[in-house]
């Protein structure tokens, strides 16, 4: 399995990498970094500079083989489907074969669920700058004390923050009944999302993939924002009137934040309700139900349901009369890079925030999983709101356990200092 990956390391480094994936209980250090010397790059394959920068950035930003609390994903160069590289303490290697459409695993002594990777490397200006910048390793052993669950202490920090960055994941929408299609039982018909959410799956069978996304769109139209979405939207509006800033960055593609009233949402994985033309590249909002006549009544999730096998010319098409190209969902599929413009915005916002909230995210989906540890590494308070601990929990100042719809609203409610400041302004 490991041979499926091209690390572009010198031989000694590749041997060291393989060794590290099988050996638990190591300190969080960076022995691979010293082996990636400029002189070694000359022996790497063509385009080695890009690969070496990718690996160096992975090491620098915490996506490494060296932290036993972290599940890791590296890009597979021989197979473009989803792939994940484990940490030594959770030594399971997940490999998605794009031709066979099935997942195989190689398990070593200790195993647990692998992370869901997205492609880390992008050639846009945001990631070029991010890769070249020197920074503290957010996963180095810094402050490993137990995070606080003192709501009053968090509220005091919150009351003084001028720029709050909020990162949200699937957990924030769970109470709205949004299916995740992950883990046991997370199937649509007989496939999990990693079998359908890839460019290769769309190329092989666009009808099946559109049925899957049509079903997801129709389900989402029946869901409503929950108290966590509403609390974030209200906080964003309230603090904005006070001259303070709330930046919302989400991994979710359900648009529930927008429907709750949040503005300027940075949707790093795209949206179910946007389409991208495969011919002209135009991206546009699309809330039609159904998105095209041929999909009406299709997309049933029952495993006994046969594929509709809709002809390509009847699938969603570009509305530009001079184009009429095939549309695809404007979401980031496994193996694809994130939008460099959005990454630029995310980097700028996280660099300037003085408080960060991580809400309902597993901290195992990259590159989003490194955002909050990056903020914590520069000394900014980070508060996690989740149903369980994550690989990043011990890096944060606060952790609040429980449903986001229960824990988040009181944390973001109006602070007494806001009322006092309002009274001063009125006088």
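Positions of Cβ are set from backbone N, Cα and C atoms, glycine also.
Because TrEMBL annotations are produced automatically, they should be read as predictions rather than curated entries.
Not measured: the values here are computed from a predicted model.
The average pLDDT the prediction assigns to the domain 'Deacetylase sirtuin-type' (144-418) is 94. What TrEMBL records for 144-418 is domain 'Deacetylase sirtuin-type'.
Taken from TrEMBL, the feature NAD(+) binding site covers 169-188, 251-254, 360-362, 386-388, 404. Neighbour count (other Cβ atoms within 10 Å of the Cβ, all protein chains): 25 for residue 169 (NAD(+) binding site). Secondary structure from DSSP puts residue 169 (NAD(+) binding site) in coil.
The substrate binding site annotation in TrEMBL covers 213, 216. In sequence order, 272, 329, 331 are the residues of the chain that are 6 or more apart from residue 213 (substrate binding site) and have a CB within less than 8 Å of its CB.
Within 10 Å of the C-beta of residue 269 (active site, proton acceptor) there are 21 other C-beta atoms, taking all protein chains into account. Feature annotation from TrEMBL assigns active site, proton acceptor to 269.
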Statement: Looking only at the binding-site residues 169, 177, 181, 360, residue 269 (active site, proton acceptor) has its closest CA neighbour at 169
- line: Candidates 177, 251, 360 (binding-site residues); nearest Cα to residue 216 (substrate binding site) turns out to be 177
Task: For residue 173 (NAD(+) binding site), list the number of other Cβ atoms lying within 10 Å of its Cβ atom.
output: 27
Message: If you count CB neighbours within 10 Å, which one among the binding-site residues 177, 181, 360 has the smallest count?
response: 177
Query: Relative to the Cβ of residue 251 (NAD(+) binding site), which residues of the same chain, six or more apart in sequence, are found under 8 Å away?
result: 167, 168, 169, 170, 268, 269, 361, 365, 368
Query: Which one of these binding-site residues has the most other Cβ atoms within 10 Å of its own Cβ: 216, 387?
result: 216
